[in-house]
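For 34-51, 63-89, 101-122, 143-165, 199-227, 239-261, 273-293, the entry in TrEMBL reads transmembrane segment. The feature domain 'G-protein coupled receptors family 1 profile' is assigned by TrEMBL to 43-294.
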């Protein structure tokens, strides 16, 4: 019986959803979507290349920024094949295992992004609370260890999700509400009890995004408390200014996520187009804006990117 179930899953297909009501305009809509993918992937890749190439950027703040850029590239690359496949080729169908694989990578990279944002908030706290021991506390081995822990935690927490979904029976039309595969969509498909999947999914969200968000808030409360103890107004502003880029990135990450969550729970009767647009905003805002924010507000990153581009131009 189990062999028959596995065989049926191998033949199972999942159907994704494009942009409801605008199917005829998919060709034109592919232009802004592809442009955003290019900006996200190239922009974040340039930040990683700049940090790697410039020894002056081998500091904790920029190493964490490089990790964040890597997670943004991962999220973008994970969704690109199905989103652009739908817009370019009307490829709405995806095999079940491919859908589970995409789901795993999307959620894993999103979890890693949350963990890196928390690490960056800790970095800013150390830089303001104990600037003299900043580099002594955040040494390269510790930064690498933090990155490995974030990666291992994300992979370990997300690995059970596709395994549990594959054990369930599927016996009806498998249509998802997005252009990519998410756990919240996939648990609606089985014709069996998915209570365990739902509980596990909620526990993972609370243990990652919920806990990370809480700790980020605590970090900034401690940062604010420390800044208020600084005697001069100029010193306070200088200390806060070192956190502005990270604050903007956290807001860019959290606001769309909260918006999608609130809309999903309070506006269930809104048009499918509205839900699709909100999901697209959540998908693209952070990867597209993060490299722009750091490129505009951080001069060393600007100089590093210019150096990388200059070297590539010379090679050509």
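Each residue, glycine too, has its Cβ placed from N, Cα and C.
Same-chain neighbours of the transmembrane segment (34-51): 57-58, 62-63, 65-66, 69-70, 72-73, 76-77, 80, 83-84, 87, 284, 287-288, 290-292, 294-295, 301, 304-305, 307-309, counting only residues six or more beyond its ends whose CB sits under 8 Å from a CB of the stretch. For the transmembrane segment (199-227), the partner stretch with the highest count of Cβ pairs under 8 angstroms, out of 63-89, 101-122, 143-165, 239-261, is 101-122. Only residues 6 or more beyond the boundaries of the transmembrane segment (143-165), in the same chain, are considered here, and those with a CB under 8 A from a CB of the stretch are 60, 63-64, 67, 100-101, 103-104, 107-109, 111-112, 115-116, 119, 183, 186-187, 190, 196-197, 200-201, 204, 207-208. For the transmembrane segment (63-89), the neighbouring stretch richest in Cβ pairs under 8 Å, chosen from 101-122, 239-261, 273-293, is 101-122.
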